[in-house]
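Asks: One structure follows; several queries about it will come next.
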Amino acid sequence: MVEMFYDKDADLGALKGKIIAVMGYGSQGHAQAQNLHDSGLDVVIGLREGSRRWKQAEDDGLKVMTVADAAKAADVVQILLPDEIQSKVYYSEIEPGLEAGNSLVFSHGFNIHYNQIVPSKDLDVYMVAPKSPGHLVRRTYKEGAGVPGLIAVYQDASGNALEMALAHAKGVGCTRAGVIETTFREETETDLFGEQVDLCGGVASLIKTSFEVLVEAGYQPEMAYFETLHELKLIVDLIHEGGLEKMWYSVSNTAEYGGLTVGPQIINEESREAMYVALERIQNGEFAREFVLEGQTNHAVLTSMERLEKEHPVEVVGKKLRAMMPWLNSELNEE
C-alpha cells in the first residue's frame, strides 16, 4: 500500500523565511500562489512585462515582478508555465538568477524527465502536483479542506528536499487531503498516458466515432449528441464519486448488461495493443521529441487539428443544443 503524507507529517517551518517565486499565474499558478500566501509564506509572482495577469495578481494581494527579477529575489522558484515554453524561459530568465542552495519546483515532470531542463547539481529539485484543476485547488483550500497531491524529489542538494516538498504541499493545502510520494518519471509517464489514452484522446475519439456511427446509420444528429456526449457527464460523475461499482449499481439492468457484454468488444485486444504502443512512445521519449518539435514550429499541426475539431459535426450540433441549456454556463461559472 502506498504511503500517504498528511498535515502532521509536514512542517511549514521548512519554508519560513524563504521567498517563493511562482512563475506564471494561470490555472495552477493563481491557485497555488494564493494558497501559499494564505498559509503565511512569502510569495512573489514572476510574469513577463505586459502580461494581462499582472494586474490580476496584484489585485489578489500578491507582489509581482518580471520573471528574471523574481528568480533573483527568490530562494524557491516554482515554474508553472506551459510545458513547451518552460525550457526557453528557464535558460534565458530563470537560471541566471539562481544561486547554490536554491530550490526549483515543478508541478509536472515533463521538462525534467525529458532533459529539456537540466538543473545545476547545487539546486534542490522537487515536485508538488495537486491532482485537481486550479479552481478546485483554491476553492477547497478556502473551504478549509484540500485536494490530494503528489510529491517527488529529483535532486536533493541540501539534504532537506523532501521536507521542503512536504512543506510546500502543506502550503498549497494538499496534505489536508493526503499526498503520495512518486518520482518525476512515474508522474510524467502516467500523466501523459492518462491524457492520451483516457481523459482527452481516448474519450474524445470514442465520442466522435460513436456519434458518426449513429448519424451514418440515419439517426438524428441531435439524438446522437445526447446519447454519445451529453449524458457522459452523468456517468463520469457517478464513477468519480464511487468508482465503477457505484456506476454499475446506479444504471439500469439493461445498461449494465449491455455495457458489460458489449464494452469489451469495443475496447478490445487491438485497443490494448494500441495503448501499449502509446505507452512505449511516452517511455522512450518519442512523444516528447515530437511535442518539442511541434512547439518549435509554432504549433502548426496542433492549430490545424484544433480547427478540424471545431468543425466536427458533434461540435456544430452540440453548440446549438448547449445554447438551449443556459444552466450549463451557470455550472461553469460556479467552478
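Glycine too: its Cβ is placed from the backbone N, Cα and C atoms.
Pulled from Swiss-Prot, these are the listed features:
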{"type": "ACT_SITE", "residues": "His108", "note": "active site"}
{"type": "BINDING", "residues": "Tyr25, Gly26, Ser27, Gln28, Arg48, Ser51, Asp83, Glu84, Ile85, Gln86, Gly134", "note": "NADP(+) binding site"}
{"type": "BINDING", "residues": "Asp191, Glu195", "note": "Mg(2+) 1 binding site"}
{"type": "BINDING", "residues": "Asp191, Glu227, Glu231", "note": "Mg(2+) 2 binding site"}
{"type": "BINDING", "residues": "Ser252", "note": "substrate binding site"}
{"type": "DOMAIN", "residues": "2-182", "note": "domain 'KARI N-terminal Rossmann'"}
{"type": "DOMAIN", "residues": "183-328", "note": "domain 'KARI C-terminal knotted'"}
Asks: Work through the binding-site residues one by one (Asp191, Glu227, Glu231, Ser252) and name whichever has its CA nearest to the CA of Ser27 (NADP(+) binding site).
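Replies: Comparing Cα positions, the candidate nearest Ser27 (NADP(+) binding site) turns out to be Asp191.
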Asks: Among the binding-site residues listed here (Tyr25, Ile85), identify the one with the smallest other-Cβ count within 10 Å.
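Replies: Each of the binding-site residues Tyr25, Ile85 was scored by Cβ atoms within 10 Å; lowest is Ile85.
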Asks: Here are the binding-site residues: Ser27, Ser252. Which has the lowest count of other Cβ atoms within 10 Å?
Replies: Ser252
Asks: Across the whole of the domain 'KARI N-terminal Rossmann' (2-182), what does the mean pLDDT come to? Round it, please.
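Replies: Overall, the domain 'KARI N-terminal Rossmann' (2-182) comes to a mean pLDDT of 98.
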Asks: At the level of the C-alpha atoms, what whole-angstrom distance separates the residue listed as 'active site' and Asp83 (NADP(+) binding site)?
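Replies: Cα-Cα, rounded: 8 Å.
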Asks: With a 10 Å radius around each C-beta, find which of these binding-site residues (Arg48, Gly134, Asp191) has the fewest other C-beta atoms nearby.
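Replies: Arg48, out of the binding-site residues Arg48, Gly134, Asp191, has the fewest neighbouring Cβ atoms within 10 Å.
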Asks: I'd like to confirm something. Which of the binding-site residues, Arg48, Glu195, Ser252, has a Cα closest to the Cα of Glu231 (Mg(2+) 2 binding site)?
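Replies: When the Cα distances are compared, Ser252 comes out closest.
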Asks: For the domain 'KARI C-terminal knotted' (183-328), how many residues does DSSP put in helix, in strand and in coil?
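Replies: Each residue of the domain 'KARI C-terminal knotted' (183-328) counted once, the result is 125 helix, 0 strand, 21 coil.
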Asks: What is the Cβ neighbour count of the residue listed as 'active site' at a 10 Å cut-off, with all protein chains included?
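Replies: The residue listed as 'active site' is surrounded by 20 other Cβ atoms within 10 Å.
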Asks: I need the most crowded of these binding-site residues: Asp83, Glu195, Glu227, Glu231. Count other C-beta atoms within 10 angstroms of each C-beta and give me the top one.
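Replies: Selected residue: Asp83.
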Asks: Can you grab the distance from Ile85 (NADP(+) binding site) over to Glu227 (Mg(2+) 2 binding site)? Cα atoms, rounded to a whole Å.
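Replies: Their Cα atoms are separated by 39 Å.
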Asks: Cα of Asp191 (Mg(2+) 1 binding site) to Cα of Asp83 (NADP(+) binding site): how many Å, rounded?
Replies: 13
